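Student: Can you read through this structure? Questions will come right after.
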Amino acid sequence: MEMRGKITKINENGLGVLGNILVPFAYPGDEVEVTETRERFGKIIARDFKLMTPSPLRIPGKCSHFGKCGGCLWQGLRYREQLKLKEEIFKRITGIEAEIKGSPRIWYFRNISNFIITVNGIGFKEFGMPKTVVNIRECPIFSERTPKYLKALKDFLRESNLKPWNWREGDVHYLQVREGKFTGEVMVNIIAHVPLNYREALMEAFNFADSIYWSLKADKKDDPRGFPTLVLGNEVIREKVEGITYLIHPSVFFQTNSYALPLLLKSVEKFCEGSKVLDLYSGIGTLSLYLAKRGFEVTGVEVNGTSVEMAKRSAEINSINATFIQGKAEDAELEGYETLIVDPPRKGLKEFSRRIVKKGPNTLIYVSCNPLRFILDYRNYLSEAYKVDDALLIDMFPHTPHIEAVIKLVRR
């Protein structure tokens with residue numbers, strides 16, 4: 001299918017809209033000529049297009065891989081326009097007007113990156129093409145040291161003669177790198193399908209890292225997950241945000257933008273009522289530790305045992321008094337608190353919302369990177385007992401359409 005015209009708007013997934021065609025890397029005001037399309041999930045997506053007349057909102061991309069790599073749909077859009085679009089998209093999805101706070105840094109802000117290692121290249125997947133890899137040289141949203149990390153990986157692969165992933169089999173699958181943006185510490189984690197037999201080569205290639213892990217992957221799923229074993233260095237790396245040192249292990253989640261994290265922490269604190277706070281899906285205690293340091297009496301509940309261990313150890317080294325319990329958030333005792341914080345996985349709360357409706361406190365703070373899931377939880381369950389009192393958006397993900405929302409709900 002071919003079509004020429006002007007992009008009229010951006011859809012909820014960050015794609016330009018041209019009639020019934022969705023155009024990646026295109027922005028309102030762009031005049032484009034779509035020359036090739038494909039169908040995916042019932043949608044017609046532009047596979048190739050020519051930019052005939054650029055929108056005044058457009059700027060040159062900083063990255064040489066922009067336009068192919070699927071990581072940064074909006075890198076060619078002025079940052080203030082990105083923020084405006086995120087407010088508009090959030091309102092379109094939820095019906096809620098909310099102010100957005102921009103990230104203090106919009107380049108080299110990510111503290112984690114997962115480089116897929118394949119026979120076709122090492123890097124990130126092409127937009128909409130899950131088996132096509134962009135062989136990258138740089139990544140301006142992750143780290144200025146990306147070329148150094150990739151060179152070390154290639155040196156190791158050459159010395160070890162290990163085979164890259166070919167979508168069915170292979171020895172090594174991912175290189176995961178984490179950086180402490182405020183500590184300078186680096187963790188390297190190789191996700192592989194074979195045990196480590198080239199320890200010396202690995203240590204030599206990544207001799208700059210503070211922590212080196214080898215994670216054995218038991219399945220063939222295309223994700224950067226395995227069972228980590230420490231090869232050399234420290235068990236954890238540290239990140240320091242708002243005066244709190246957080247301990248980070250390869251098996252845990254940490255917010256990906258260390259520079260914007262203070263905005264998220266302060267937004268949650270602003271919405272808290274009373275002194276007794278229950279933090280569900282608390283992870284390594286990112287919110288709990290900050291709130292406890294600010295004087296709240298906080299209990300965090302998290303199912304991941306390693307995350308709970310990191311939270312407890314972080315509390316100890318920071319001399320912070322907070323309680324952390326390992327268990328399912330859905331089984332937590334909800335009574336006796338004045339504020340409940342939920343930061344669920346992307347699938348949302350679903351049926352657990354019914355218990356919150358019955359037994360939750362007067363104030364509920366819903367932290368979400370998935371506005372659609374939030375509004376489904378709200379309309380289907382939470383609205384029975386709660387109403388939206390306030391909301392703030394934090395741009396944790398510049399150059400992408402992703403939105404982090406903090407929504408305050410109060411009992412009707």
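Including glycine, each Cβ sits where the backbone N, Cα and C put it.
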Student: Of the candidates Gln176, Gln255, which one does Swiss-Prot list alongside Tyr281, Glu302, Asp343 as binding S-adenosyl-L-methionine?
Tutor: Gln255
Student: List the Cα distance (Å, whole number) between Glu302 (S-adenosyl-L-methionine binding site) and Cys72 ([4Fe-4S] cluster binding site).
Tutor: 31
Student: Among the binding-site residues Glu302, Asp343, which residue has the largest number of other Cβ atoms within 10 Å of its own Cβ?
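Tutor: For the binding-site residues Glu302, Asp343, the Cβ with the most other Cβ atoms within 10 Å is Glu302.
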Student: What same-chain residues, at least 6 away in sequence, bring their CB to under 8 Å of the CB of Cys369 (active site, nucleophile)?
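Tutor: Those within reach of Cys369 (active site, nucleophile), by Cβ under 8 Å and sequence separation of 6 or more, are Arg346, Met396, Phe397, His402, Ile403, Glu404, Ala405.
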Student: I want the residues beyond Gln255, Tyr281, Glu302, Asp343 whose C-beta is within 8 angstroms of the mean position of the S-adenosyl-L-methionine site's C-beta atoms, in chain order.
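Tutor: Surrounding the site, in chain order, are Phe253, Asp279, Leu280, Ser282, Gly283, Thr286, Leu287, Val367.
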